[in-house]
Amino acid sequence: MAGAKPGVHALQLKPVSVHEALKKGGKFIKWDEPTLEPKLKDNNNVPPTLVTLKVDPDGFYLYWTGGSNLEVEILDINTIRDTRTGKYAKQPKDAKVRDVLGFGKGENVEGKLVTVVHGNDLVNISFLNFQAMQKDAAKIWTDELFTLATNILSQNASRHTFLLKAYTKLKLQVNQDGKIPVKNVLKMFSDKRRVETALEQCGLVNNKAEGIKPDDFTWEAFQRFLDSLCLRPEIQSIFEESGSKRKPFISLDQLMDFINRRQRDSRLNEVLYPPLKREQVRQIMEKYETNASQLERDQISLQAFSRYLEGEENSIVPPERLDIIDDMNQPLSHYFINSSHNTYLTVGQLTGLSSVEIYRQVLLTGCRCVELDCWKGRPHDEEPYITHGFTMTTEIPFKEVIEAIAESAFKTSPYPLILSFENHVDSAKQQAKMAEYCRTIFGDALLIEPLEKYPLVPGQALPSPQELLGKILIKNKKKHQHHRPSSSGSIRRRELEEQSSPNIDCPLMDSEGGQPLSNGEEKLVERMVKDFEPRKSLGGEGESEEDEDDEPTAELKKPNSDEGTASSEVNATEEMSTLVNYIEPVKFKSFEVANKRRKFFEMSSLVETKGMDTLKSSPIEFVEYNKNQLSRIYPKGTRVDSSNYMPQLFWNVGCQMVALNFQTLDLPMQLNMGVFEYNGHSGYLLKPEFMRRTDKHFDPFTENIVDGIVANTVKIKVLSGQFLIDKKVGVYVEVDIFGLPADTKRKYRTKTSNGNSLDPVWDDEMFVFNKVVLPTLASLRIAVFEENGKFIGHRILPVSAIRPGYHYINLKNELNQPLLLPSLLVYAEAQDYIPNEHQEYAEALTNPIKHISQLHKRETQLAALIEDNSEHVPNQPKDGEKTKMEWEDISQSRPQLPVPVLENAPDIIKLPAPAQSPKEDLIATVLAEVQAQSIEELKQQKNYLKALKKQGKEIKEMRKKHLKKVWNLSKEQKSRNCQLQSDTQRRRSQMEKHLKRSIKKNEPHDPVQRDLTALDQELEKQTVQLREWQMQELLKLRQQLHSLEREKHQTHLQEALQKLKETTVECQAAQLKKLKETCEKEKKELQKILDRKRQNSICEAKTRDKDKAETELNEINRKHIQDSVSLIRGLEEAQTRRQDKLMLRQREVLQQIDEELPLMQSKLERELEQEYQRLPEEICQHLQLELKSKGLRKDALFSSHCHRSSPSPGPGPGSGPPSNCSTPSYPSTPDRISWTRSMDNSTASLADSTSSSTTPVLSEAEMSFS
């Protein structure tokens, strides 16, 4: 990270160079494996098609045409992760495809296959499959595409190159008429109106439905379009400050002063890195100035000056920092090593898929230490497998993982690879099989015997990465000969125990042994934590590797919650032990014990919590330990979401293997990827000198300047942003530094722009990091966010490598992949730190004339004061009256400063040697977060709300029809009531007349009285019967309505959920389409940085030694190609992972909707059944209230109702009338509300289950027809 080789580094990276065969193109058969769920919007189920495959001359895109699709399909080469042919290429499984490709016909079909692996995520990747028509073509295309995809310089191109890449993409994506669709130009930028106006100003077509002729859309026209789109007032200000004084040009001398004064790093040695001379500046002017008349007058225009700021000469980090600049001949313990934890996992630590492919992907990122958790295979095949023990993660075969590692181990880095085994295979037979796989598959790459120069003896330093080039080292517990005999029986004892409890050492699986249990992750976490808590070890050491004094046997046990399964490792057999040499894990006891043993080939693994305790209690001792021995830190077991700790914490004490979860691209992982981008993407970074020298002690918690280390002062001012996001939102920028505890400062933040993401300009104060104690271990992070805090992009830069001056910073996503258009223009200052008490002294040394002038000014001010107060003081010259000769004497003489010389003064002003400059991370990634729409958000969609409203209307119409029947029943009840009253009144009149006659005739009238009494009794009985009939009819109608509503609600529930599902699918498809457009915009920034750095290196090489210029140019081109690989791969991986995460969440939303249907149906059924049971009681209560209001008896009605469960037929035609024909039978006003409520309960239950907007219900007025 900080150990650059001494002297000026000659750039070895090669620039992008496209093979002629790729530029000319070739005929291939493109085939896809038929699938039901394509990850991308490709026609995955189309038959094999003959296409023409090409690469553009700049190496930006792989594109093809042919088949039924008349449009050009393109793939950003920066997103290519890997290319494969032969046995490693994908082979079709579909019989029809195999037949078309010629499988089974005796030909060497495998040698013609080409598989292009691409994506922006380590977990979710995509495959493009081709078959070459010629035999040799497959290997050429595979090798050359991988070379282009892994070119480090192309991944760190200049802004100019990224703009050229965006232009190239527009030129390639022509429509069927051969024109460039205007809509493609509009998609690139957030402000569509400004784009249309800029196109019109440039004389180009701006109608969205039309296309631009390619001949009209030249590179110069595209540059004019960008100039019209963004006026860039901040560039004008910089230009004026450089000396234009409102003139349209500056002179050669002014440009040279600008470059050497503003843009040059004052920390560099002027002998090794001298300022630019006139002829060098003249070359820059000739490169960017197109006006010949201005060049003749040694002038450069504003447009050419702006192009220079975008050029490769002006990158914010020197391109040589991307090359292998560290001394690779130091012991292994002197390097930070890019390390992975639980490499096989693709999601969380408890559930999800384990993957063989992710080993390839992690290795392709430059990782040099991967982890293998090995478990004993089952009896039917006894093949060991890899998984996360005691969890529900899936299993992958050990042998397939070893084969994948062998294939990809040294594709991106030739330096040694460490395999960290966590061995739970308590079977001697299977451990022997593991060892045999390693020997046979790795072959000579596997280091078995220690090097002759580096025997395994105390005090012997470890070999260097250079001496272990191309070697694979095994880290596994080692069996020692002096272990007690009982240890040899431990494995056999475990085998016997396994027969009685075969699943004790296996992850939690179902009875079939193949699929994870379906229990939720939350319950599993609770169960695991409950199991783990009593088993926490006292030492807290993660992997519990034993040293020679440890117990020989340890029964298999479940791990504690922090250490995970590492604490349950078993002892190694002889076969596995022989594979272990320089990476022998032992249990960490103390630094004192390690110092006594001095066995530098022994290393220890610490869980992050134990490591943190050690860091806090013994930081200096920890640094000393890491000078000679390796240490590995890994995440605690309770990080079930695969989150990461901040690796900077352990880099600060020199820990080499700080293992992280590569599948989680959080801030710690982004920092890790940015740091290891440097030193040729080798996966090894040399630690700062103070962390390697045995004669120096270093305290990482120091806040003071360390003797021998030049602290820095860093200042950053964010000037403007360009095309930060493709939508009109406010944006802001945060600036942080990560390093030693004293150096880490978070967070400076700009103001939020006012809805402008196209070209925001900030006028905030400069952000000052006054003292960075150890700049070789510090990183600057600049991140951009939307106004709501949503991440847009960022960049991580090594503090020691930041170039002062005005620079563009091309933003990157989380996977360290550059975004195509988003960038920031910043002004940076990086200089040696000077304490406040020495500031004046240093300024005097820097500018003595200014210092003497200040002293003279003070002298004259004092003289004026003395003149005013004393007549005896001689006359003193007034300010400004000094003669020209006196000023010349002062300027030519060295000032005698009144400040005493302090001990540390030489260190303050001494320039750092370039050999001390570390190679730190340049890269910080930026990828916009995309969240799947929740069910609540989907329920607010218009289509869904419209469907609910329609359902509400249907319920309302049904109830209106029911109320009409109720009204008719009320009329019939009223009619019967009137008829009963009329008949009773007629009979009573006759009886009363008969009674009167009997009285007049003095006849006995008792029979008549009895008839009247009987009439009254009959009237009361018929009245009760009429009331009961009314209740039963009302109940029958209400039950009929309830039955209809039950069916309707059930239908509506299914329809509503189906509509919600359809709406979800439509919204998700639109979101994926928008995401694809976003991905295209994010892919256009990468190529610019690399070409700019390459051009800068070429110019420097030409000016240094013309005799060696050609050799250096070849080396520059080679280094350019090598350095471009990693960054180009990253973006599509992150984008693919983001898309797959989105699609996974979308599928979860659809699954959640499907799972809700039976639950909601059950809930609706319960509510409707409860309502149905309440109907008789509600009607009975209603009629009782009516009877009570009339003063009538209700006992008979109540008792009669309570013994009936179904409607009874009404009274016959001969029933007598009641006493009052004017009483209505429909519910009275006080009871209408409860009646209405009973009718609305079911509707409310549906509305609550499916939408926040309830289904419309009838009002009380509607219910009563008032």
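Note: Cβ is positioned from N, Cα and C throughout, glycine not excepted.
Remember, TrEMBL labels are computer predictions, not curated facts.
What you see is a predicted model, and the numbers here were worked out from it, not measured in a lab.
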Starting from the Ca(2+) binding annotation in TrEMBL that includes Asn342, Glu371, Asp373, which of Glu286, Glu289, Glu422 is the extra site residue?
Glu422
Measuring Cα to Cα, how many Å separate His341 (active site) from His388 (active site)?
11
Other than its own, how many Cβ atoms are within 10 Å of the Cβ belonging to His341 (active site)?
26
Cβ-Cβ neighbours of His388 (active site) (radius 10 Å):
25
Per-state residue totals over the compositional bias 'Basic and acidic residues' (984-993) - DSSP helix, strand, coil
10 helix, 0 strand, 0 coil
